[in-house]
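To start, the structure itself, in structure tokens.
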Amino acid sequence: MNIQTQLFIRWRGIIFITILIKIILILFSAAANPHSTSDILSLWIHWDGPHYIDIAKNWYQTTGDPINFIVFYPLYPILIKISNIAFGNFNLSAIIISCIFSISASVFLYELVLLDFNKRVALLSVWFLNIFPTAYFLQAAYTESLFLTTSLATLYFYRKRSFIKSGLIGAFASMTRINGILLLPIFLMESKNLGKNFIALLLTPVGFFIYLLINLIIFNDPLYFSKILSLHWYKQLAWPWISIRNLINFYPNQTGDYYYLFLAELITIFLLAIVTILVYIKVRKSYGIYMFLNLLLFTSTSFIMSTPRYALVLFPIFILLAIINNKFLLALISTISLLLLFLLTYQYTQGRWAF
């Protein structure tokens, strides 16, 4: 039996669950939008999605509204561009990439969890990842699945002491999202000394430096993206407590969907703070620090938004849920999560804001 067959047998349950949930969500989106004039692919490309596709088509632009797209990191658009050679459709390419990396994220999560826990916990971790309330982003034209795969693979290979692989994939993570840089503290915490593993520390930030170089080449300023974040996206560095206070004052003034969505932002921050502590105590200290740094990143901005989506890439959440031994509590969490997943999938595929 060759290695490919062995791996397929090992991962077939994970792959099946991941694909099945995607098929169900896609069929649900089609049934929930019977009068839509858009094709089914377009139902999954909203908000930031068209910006990534525009970068894939035209690269970063220096005039017009596309000048604001420099805030989006380059790896996902590059992969869309490459995939389009095979598929001849940018929308299809974006969705296929997200779906493929969603499957690989499930596989790497499974393997990473097995380094510390049993098969039951590993399988449940994959389950909770795929039914998370914002898991619809794993198959939408967004970077969540790509970043999850690269960050999980980086940590997996680091802990398996394959430091060159870890560093190279870590570079892809930091070329996908700024969060990739936050993998570095995990390396330091997981290391007893800086021997061969130092290569991972050196390689991981390379993706971010490539992004800065793109800013420099196109706009003559390596930090040009920060200006656009401030001017167009209204995001500036701010102390977390000030940002949270602003959110508390902001959401009661909203109406309709936005009232509940911004309330969800606040609730998510509160829950993440609790989960971060529990992860540090019950899962792994380095993962708890990773959670804390990400939470700090999410909230250190003048305008907090999309926190429930950002939480999707915080894989320790799913491990924490998976180690729960109470069957009733597991069933309750699964039910609530699935209900929210379908509700938000409906919201997103309708073209309405859903984080």
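Each Cβ is built from the backbone N, Cα and C atoms, and glycine gets one as well.
Any TrEMBL annotation is an automated prediction that lacks curation.
If you look up TrEMBL, you'll see 12-32 (among others) marked as transmembrane segment. For the transmembrane segment (12-32), the list of distant contacts is 40, 43-44, 99, 102-103, 106-107, 110, 123, 126-127, 130-131, 135-136, 138-139, 341-342, 345-346, 349-350: same-chain residues at least six beyond its ends, Cβ to Cβ under 8 Å.
The domain 'Glycosyltransferase RgtA/B/C/D-like' annotation in TrEMBL covers 74-204.
Residues or ranges marked as transmembrane segment by TrEMBL: 92-114 (among others). Counting same-chain residues at least six beyond the ends of the transmembrane segment (92-114), those with a Cβ under 8 angstroms from any Cβ of the stretch are 11, 14-15, 17-19, 22, 41, 44-45, 49, 52-53, 56, 76, 79-80, 83-84, 86, 121-123, 125-126, 129-130, 138-142, 144-146, 148-149, 152-153, 155-156, 159, 315, 318-319, 322.
Long-range contacts of the transmembrane segment (121-142) within its own chain (CB-CB distance under 8 A, at least 6 residues past either end) are made by residues 13-14, 17-18, 21-22, 25-26, 44-46, 48-50, 52-53, 91, 94-95, 98-99, 102, 105-106, 109-111, 113-114, 148, 308-309, 311-312, 315, 317-319, 321-323, 330, 333-334, 337-338, 340-341, 344-345, 348-349, 354-355. According to TrEMBL, the transmembrane segment annotation covers 121-142 (among others).
Annotation source TrEMBL lists transmembrane segment at 162-186 (among others).
Per TrEMBL, transmembrane segment is recorded for 198-219 (among others).
The annotation transmembrane segment is assigned in TrEMBL to 258-280 (among others). For the transmembrane segment (258-280), the residues of the chain that approach it from at least six positions outside its boundaries are 244, 247-248, 250-252, 287-289, 291-292, 295, 298-299, 304-308, 311, 314, 316-317, 319-320, 353-355, judged by C-beta separation under 8 angstroms.
Sequence-distant contacts of the transmembrane segment (287-305), counting only residues of its own chain at least 6 positions beyond either end whose CB sits under 8 Å from a CB of the stretch, comprise 178-179, 182-183, 185-186, 189, 233-240, 243-244, 246-247, 262, 265, 269, 272-273, 275-277, 279-281, 313-317, 319, 355. What TrEMBL lists as transmembrane segment is 287-305 (among others).
Long-range contacts of the transmembrane segment (311-344) within its own chain (CB-CB distance under 8 A, at least 6 residues past either end) are made by residues 25, 28, 109, 112-113, 117, 120-129, 131-138, 144, 147-148, 151-152, 177, 179, 268, 272, 275, 278-279, 282-284, 287-288, 290-291, 294, 354-355. If you look up TrEMBL, you'll see 311-344 (among others) marked as transmembrane segment.
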PLDDT averaged over every residue in the domain 'Glycosyltransferase RgtA/B/C/D-like' (74-204): 95
Within the domain 'Glycosyltransferase RgtA/B/C/D-like' (74-204), residues counted as helix, strand or coil by DSSP: 101 helix, 0 strand, 30 coil
